[in-house]
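Quick look at what Swiss-Prot annotates:
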{"type": "BINDING", "residues": "Cys15, Cys18, Cys33, Cys36", "note": "Zn(2+) binding site"}
Amino acid sequence: MTETIKKSGRGVNECKRCGRKQGLVRKYDIYLCRHCFREIAHEMGFEKYS
C-alpha cells in the first residue's frame, strides 16, 4: 500500500515544532500550532496587550 501525499486542504500544513495539523497560525509564515505559538510568542517578539 502506497502512502498518498495530501496536496490541498486543511491537513497539508503542519506545525514546525510539534507536527500538529489543527489550530495552525499561518500569518507571517509562522506555521506553528496555537499551543506552540503561545509558548514561544514572547521570545519571537510578540507582546500581549490585554
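Quick reminder: no glycine exception, Cβ is built from N, Cα and C everywhere.
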Legend entry - Cβ within 8 Å of the mean position of the Cβ atoms of Cys15, Cys18, Cys33, Cys36: remaining residues of the chain near Zn(2+): Glu14, Lys16, Arg17, Gly19, Arg20, Leu24, Leu32, Arg34, His35, Phe37
Legend entry - Same-chain residues at least 6 apart in sequence whose Cβ lies under 8 Å from Cys15 (Zn(2+) binding site): Lys21, Leu24, Tyr31, Leu32, Cys33, Cys36
Inset, instruction - Could you check the binding-site residues Cys18, Cys33, Cys36 and say which one's CB has the fewest neighbouring CB atoms inside 10 Å? - result: Cys18
Inset, instruction - Return one of helix, strand or coil for Cys33 (Zn(2+) binding site), based on DSSP. - result: strand
